[in-house]
Every structure is written in structure tokens, then in C-alpha cells.
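Annotated domain 'NADH:quinone oxidoreductase/Mrp antiporter transmembrane' per TrEMBL: B:151-445, in sequence order. Sequence annotations record features per position, and here TrEMBL assigns transmembrane segment to B:12-34, B:41-60, B:157-175, B:187-211, B:231-256, B:268-289, B:301-320, B:327-346, B:358-375, B:396-415, B:435-460, B:472-494 (among others).
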Amino acid sequence: MVGVTDFPFLSILTLFPLVGAAVVAFIPKTRAQLAKTIALGWSLAVLALSVVMWIVFEAGGDRFQFRESYQWIPTWDARFTFAADGIALVMLLLIAILVPAVILASWNDVDETQRSVPTYFALLLALECTMIGVFAAADVFLFYVFFEVMLVPMYFIIGSYGGARRQYAAVKFFLYSLVGGLFMLAAVIGLWVVGGHTFDWQKLSDVSAAFDTNTARWLFLGFFIAFAVKAPFFPFHTWLPDAGVAAPAPAAALLVGVLDKVGTFGILRYCLPLFPEASRWFAPAALILGVIGIIYAALLAVGQNDLKRLVSYTSIAHFGFIGIGIFAFTTQAGTGSVLYMVNHGLATGLLFLVVGMFVARRGSALVSDFGGAGKLVPVLAGVLFFAGLASLALPGTAPFVSEFLVLIGTFTVHKVYAVIATVGIILAAAYVLWMFQRTTQGTLNPALTEVPAMHKDISLREKIVVAPLVLLLLILGFYPKPVTDVINPAVEATMQDVGTTDPAPTAVANGKVAP
Amino acid sequence: MGDLKLPEINYGALSPMLILFGAACLGVLLEAVLPRGRRHGVQLTLALASLVAALAAVILTRNTRVVTIGGAVAIDGPTVFLWGSILLLGVVSMLLIGERAVEAGGAFVSQAAITVGSDKDLKQAGGQPGATEVYPLTIFSIGGMLLFVAANDLLTMFVALEVLSLPLYLLCALARRRRLLSQEAALKYFLLGSYASAFFLFGVALIYGFAGAVDLASIHAAVADPQRNEVLLFGGLALVAIGLLFKGAAAPFHVWTPDVYQGAPTPITALMAACTKVAAFGALLRILYVAFDGVRWDFQPVLGVIAILTMLIGAVLAVTQTDMKRLLAYSSIANAGYLLVGVLALNKEGLSSTMFYLVAYGFSVLAAFGIVSLVRDAEGEATHLSRWAGLGRKSPLYAGVFSFIMLAFAGIPLTSGFTSKFAVFGAAIDGGQTWLVIVGVITSMVLAFPYLRVIVMMWLSEPGESTPTVSIPGFLTSAALVIGVIVTLALGVIPAPLLDLTNDAAQFVR
């Protein structure tokens, strides 16, 4: 067993897609088909490796497994340290599942006459490398490097391969994230100075209790702003709808499915354990932002006429749930949040992919350009319906479990917030069902029949794209235990880092967390 | 009358400077005897060879720690490191200066003072081979820079300042295209530079009045135990600092920078942005750390305000620029601000991180100006930003290189721009200068916008009718670009060796 866990899983998992990106990038433009095939094969190999890791990972074992550490910059004690806890592991698996789906879904999305096809797929693989790195890093410096570099491939994906307002959206995306990132840079340097000139997560978390209260609060804020922009939480969210609309739909699925989770993951991994006192101090504000986000984004989603923008807003609402789950500081809510991160990645990822299939057929993302589409493409409409139901957290689909856990876990300590958040569920039903009704039900829009592509129902390729996601959403809806078993110990450890204990089942908590 | 005692001279330690000055004098001589057609090749070879030989001498004498020629020159860790940096950057600049494949006759004309628009002027701008005096002039200037960072007394420093500046004034006036701008740049640089030199000299006089000596060790002793009125000290320090901050392009002494950077021949702009910056900050470090560290609490807030002003002015005005060379000039001003943040840490880390920053920035900026010199149309270099639209489609390789350099300037990780900013900010927080770091981070956000706009221009805009082509660079420019890009990437990914080197070097002798 020792031999298996000593295998450098995480560094290989991180670097492997980068090698793939280099290989694909050097394929000439004229061999587009070859580039696509290699990219798909490469991402499937990554998936295989991460499945192996899933099997090797011991759910009841150490908090951090697969630990590797190599010297990098001794002057600053920055090292290539990789390690994964349960939270990181499930996110790595989510990435590994989504990327092949996204590659397959983008098969014909790039206009070969305008843009280079191999470059697009190389960028996707490069993005996968940085996404894996950001979740696998156990060194604050290394984390920051991946966090920032992640912007570059996404920037070019949106900017070069996106829709009408792609330049504006790409720059907005980049600048928002960079501004957040620079706040974090200041905090990272500050953390390095107060933490005794080291970047090692473990060492920093060991000395975190000794940080000066005020300093820790400022440092928390630096990290939190970066993560809140990334997630995005209200009021830092305005870049996401623009980016979501402008990005190619499959890339948008990655954007909201994985990239944004970096924000919530960062809060769990860095804000809470490294600045426990500050986390408790800021928790009320974070909870309020979360609740506002749930209601506000849901209301905006109801009013959208653009499918991609609508899905982006639903995503912001869901991040509100994840946020309150994290800052409720109960194991139940925390586990719910992490599970939500996975399920949201699957559900919203699926929704974006299916919306992308509709948009690719119609050539427009406007709800008003559809109408009765279910008569033309019944199966595809069915998948859209399922994705919508999953994303509104219908019982039987995976998001229900996580949303329920978040609400219960929050209710035990913060009744008011939990009750208000519940309104978000009703609004979710409204925006999903209304969107579904306006696009696929009712009388057939005559303009729709004139579009030849709208007469083609879901193709085999598209079935292969959606099938695994649909299956996973169903399985995890009925039997989430394999995932919760992995998440739970990591969440419990995080809650211990914060210094909170779960309220006794019968006790009435007054909304304050224990000191 | 006592015996006249000659000061002891350690020729070995001084050999890098001696090689350069010797080669420069030889270059002037060759100018007189060689036939016109052969000068370019010979002069370029001589210039490059002397730089490489000087570099070899620096490496051979790297462990020398000595104060020599009667205390006029201090060879210590920072001197050796900065010498190495200036010479390396000088070699790359020389590659850009020597390029003749891009433009007929090279980037320089032979006579600076001909009336613009006259027949003679049009003739020399139209493809007459350029002056080969540029090579000895550049070598003189680089030799002056070496002396500048090693000068252990203020008078030597003043002489070095003039030796490095005078050739630069002339070089600025030799641009082949846009002659009028070039002449204006030279005159402006000369006039303002002379004022700065005068300030510096006046400051030296005041400090002499205070300390009774001009060597840094005596000043240090006088500062620690003041015997005379401190007004002389602070007045003198302020005036000397003005002279140095002028050369380093810090606000509010920066106004020459955009005009001169724009008007000067691009290879000379690159030389100024890379090497002169190293020299100016090297001298500033020595003066502040060696002579005046006793009054650090007095000058720290003042220089802190200057650093903030420099970062803000550089960043905010960079946003509004529409000319590539002016944009890079304002970016260079902002970078002077970040360098000041490192200087003001006033600890060992501050010294080492500032030296790291100088090297990292120098190579990136050389590569940036190298690309600028290649993007051209019939009129010469096409520096207006709008002309760069769609360059990524026409010449993906060069647009890619330039994007990479822009990302480095914006401080994206895995580039030297990130590691160097990280180093100076870390040193500054360690030195208790958190306020400077906060302003530094905020201005970095502002500064990211113009860099990003350039990338957007090149990649995301459609190429227009007026998008210029990129000239195929000759071997020299290609080599300069390759070196610049590799160093930018290497210092971003594996900064440890250079960081260790700067750490080991960060010890002044007094």
C-alpha cells in the first residue's frame, strides 16, 4: 500500500494535461480532427488517473493524502507541495469528469475558417492543468501561482472563441479576477511575513492561532475578496453573466462548474483554517452576502431573456447557498456545501452544455427566439428539463441532497438565514420552469422551423456528452454516501480548525458560534 | 613638503571598467583610421567583445571585496552583482543597437545636428549608413554606469554620472526616423539632465559642508555624530537624491521620460530603460544604505511619498497612452516606483530584492523594445497603439512574445514580473512599509489595464488596413529577443538561483 500512495499522483495529474496542451498546440491547423481526438484521449487519461486516485484514497485515513514536496524557491520557503484532502479530491474528480465532456461538446463549436481549432483544445487542456494545480497545491505560493495563471487560458478562450461581446467580457473577467488576485497577493505576502517566512500550508496552519487579531482580519479580507470575486458572491458577481454569455457554452460550463469553485474551495482551505478568529468575526457579513446573493440572483434569473445569462445568474444564486453553508460552521452545512460544489458542477455544467446544444442549433441564445422547441427536438428538450430540475434541486437529483444539508445545517444555528434562503428554492422553480416552458413548450415558433439545424435531435456525440452527467446526478441523488464519506472528515477537520463545535441536536443555538 | 604618495590601485578589481574605457578609446581611434565600409562590423565586434571581456573580468574577480584608488571606488557584493547585470543587459542592448537588417543603414543616422527637412537631412535619413560612433559612445556610457554604481565618494559619483549621461544625450538625437522628435528628445534630456547634475553637485557641496568630506564612510560617521548644522545634511541629501531620482525616472522628476523614450532611437530607449535604471538605482542604494542609513527615519517618509507618487503617476498615465513607446515609458516610471518600494525596505532583503527586480525588469523591457523596433511600416516604426490591432493574426510569434512580456509587466505568475514584485513587496512588508505595498498592489491593478489592452488589441481585434507588418529581425535582434524572453520566463519559474545570488551579494563595504 505504501508503494501506491508514494506514487507522485498529484504532480503527474497536474503536469500531464500541460504536456497534452503542448502536444495539441503544435498540431497544424489543417489537422483539426487529429487535435480534437488527441485532446479527448488525453483528458480521458487524466480521468482514468483521477479514478485511480479515488480508489487509492483512504476515506478514513489522514486528512491530507498523496503528499509530495519538492524544493522550489528556498529563499522564500516556497515549495512544490501537493496534497489532497477529501474536498480537493472530489473537486479533482469533478474536473476530470467535466473536461472530457466539455471537449466532446465543443467538437464542432470552433469555426475552422476563423480560428485555430488545435489552439482552442490546447487552451482547454492548459486550463485543466491550472485547475488541477489550484486544488492540488498545499503551498500558499504555489496555490497563488495557479490561481492567477488560470486566468490566462480562460481569457483567451473567452476572448478568441467567444460570442458577440467577447472582448469586453474577456477583459472584464481578467481584470475582476486580477484585482481580486492582487488583494490576495498583498495578503499572501503579509501571511508570509507574520507566519514566519514560510508558505507551507501545514506550517502556517500550525501557527495561525498566534496571529495578531487585527492583522489576521486584514489578511482574511485580502483572501476573501479574491475568493468572493472568483466564486462570485454578491456584490462581486457582475463579471460572471458577461463572461458566461460571451464564452463558448462548453467553456462556460467549465467556468461556472469548476473555475468558480476555486473561490469557495479557497475559503474552505485558506480563509477558515488560517484565520479562524477572523472567519468567525466576518461570518455574519458573509452569511448576509450569501442570502442576498441567493434572492437577488434568483430574481434576476427569472427576468432574463438570454439562456446563458440566465444560467449564469442561477449559478450566482447557488453560490449563495454554498456560501451560507460554509459560514454556518456546522459539519452538516459544511458537508452540504462541498457536496453542493460537486453537484452544482455537474448540474449547472450539464445545463450549460445542453443550452450550448440549443444555441448551436438556433444560432441564438435568446429565449424569445425559441418557443415550442420540444416539438422539434424532444429528446434534447427532455435533457434540458432534467438539467433544469437538477439545478432547481428536485428530490431524487443530487443537488437536492446538498441543498437540504446546507439548509438543515444552517437552520440549527441561523434560523432566519435558513428560512430566507428557502425562498430561493421557490424562485429556482420559477426561473427553471418558466425558462423551460418558454423555450420548449407551447406553440411552435414558426421561425424555428426554418432553421434546418433545429430539426436534428440529440446526436450520438451529444448523448455521450450528457449521459455520464445525467447518470451521476441520479446516482448521487439517491446514494451520495461515497462522496460524503470522503468529504466529511475533511469538513470536520476544517470546522475544528475554525474552532466551532456542532450544536447539540436539542439545544437552541442563539446564532453565535462558540468561542 | 611631504612625499607625494600615490594611492594604491587594485587594477584587477577595476579591470572591467578599464577594459570598457580602453575599448571605447580604441573605438574612437578606429573611427579615424578604418575605411567607412568596414567600420560597422569591426566596431560592433569590438563593442561586444569588450562587454563580454568585462563580464568575464567581473566573474573572475567576483570574490574581490576592496575599496581602492584612495577610497574612490568600492568593489563589494552589490558592485559586482550590478556590474554583472549592467554588462549582461549591455550586451543585449548592444545586439539591438547593432541590428542593421531591419532598416537600411541601421537605426541611427550619422549626423545629429543637421536641420530637419533639409536636403542633406533627407539624404541621410533615406538609407545612408548610420554612424558607427554609437558603439564607442555606448561603451563609454556603460563604463560610466559601472563607475556610477561602484563610486565610493560623491565626487567620483558625479564624474561617473556625467560620463554615463553625456553619450546618452547624443545617442538620443540619432534616430533615423522622426528626426525632429529625436532632436527634441536629446535637447530635453540634455537640459533637464544638466539641471539634475547641477542639483546633484550642489547637494554634494552641502554635504561636504556638513561632513567635511565626500567619501561615503566619512559621511556615515558624520551622520552618526553630527558636528554641524543638520540643515546642510538634509538639504544636501535632498539635492543628491533629486539628481539620482531624475536618472531613475521617479516622479516628480519623471517628465522627461515619455518624450525622451519616444524620441530616442528604440535601441537607445531600451538601453536607458534597462541599464541606466540599474545604474541609477544601484547608486541610490549605495548612497542611502551606506552613507545615510543613520537618518533613515527622516528620509524614509519623504522617499515613501515619492515612491507612491511615482507608482500612481506611472500607472494612471499609462492608462491614457496611445503610443507604445510612451506607454512603456510610463510603465517604466511605475516600475521605478516599485523599485523605490524595495529600496525603502532598508534591510538586506530590500537590497537583494531591488537588485533582483532590476535584472528581471531589464531583460523584459529589452525584449519589449526589441519587438517595438520590429513592428514597422514604410514610415518606420508604427508605435501608435491602434496600429497594433490584429497583429496576433499577422505575426502570431512576435505578438505572442510581446503578450508574454506584457503579462510579465502585469505581474502574472510564472514570469519574472511576478517574482520580482513579490520580492520587493515582501521585503517592504518585512521592513514595516506596508503602506507602500498597499499602494503598490493598487497601482498594479491599474497598470494591468493598459497591458491587457495591448493584448486585446493584438489578439482580439481584427487586423485593419493599417496593421503594419513585423519585419523579419536579423540575427542580432532575434538573439536579444530570445535572451529577454528566456530570462523573463526562467526568473519566473526558477528564480531561486538568482535570488540566492542577490542574497549573497547584498552586503556593502563601507
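Cβ coordinates are placed from backbone N, Cα and C, and glycine is handled just like the others.
Listed as Cβ neighbours of the transmembrane segment (B:157-175) (distance under 8 Å, sequence separation of 6 or more from its ends, same chain) are residues 107-109, 112-113, 130-131, 134, 137-138, 140-145, 147-148, 151, 181-183, 185-187, 189-190, 193, 197, 200-201, 204, 243, 247, 260, 263-265, 268, 271-272, 276, 279, 283, 287. Taking every recorded stretch in B:41-60, B:301-320, B:327-346 and counting its Cβ pairs under 8 Å to the transmembrane segment (B:268-289), the highest total belongs to B:327-346. When each of the listed stretches B:187-211, B:301-320, B:435-460 is scored by C-beta pairs under 8 angstroms to the transmembrane segment (B:396-415), B:435-460 comes out highest.
Within its own chain, the transmembrane segment (B:435-460) is flanked in space by residues 304, 307-308, 311-312, 314-316, 318-319, 321, 324, 327, 331, 334, 337-338, 341, 344, 385-386, 388-392, 399, 402-403, 406-407, 409-411, 421, 424-425, 428-429, which lie at least six positions past its ends and keep a Cβ under 8 Å from the stretch. Sequence-distant contacts of the transmembrane segment (B:358-375) (same chain, six or more residues past either end, CB-CB distance under 8 Å): 82, 85, 88-89, 92-93, 96, 99, 102, 107, 266-267, 269-270, 273-275, 277-278, 281-282, 324-325, 328, 332, 335, 339, 381-383, 387-388, 391, 398, 401-402, 405-406, 408-409, 415-417, 419-420, 468, 470-471, 473, 477, 480-481, 483-485, 487-488, 491, 498. Long-range Cβ contacts of the transmembrane segment (B:41-60) within its own chain (Cβ-Cβ under 8 Å, at least 6 residues beyond either end) map to 15-17, 19-20, 22-24, 26-27, 30-31, 34, 80, 83-84, 87-88, 90-91, 94-95, 98, 132, 135-136, 138-139, 142, 146.
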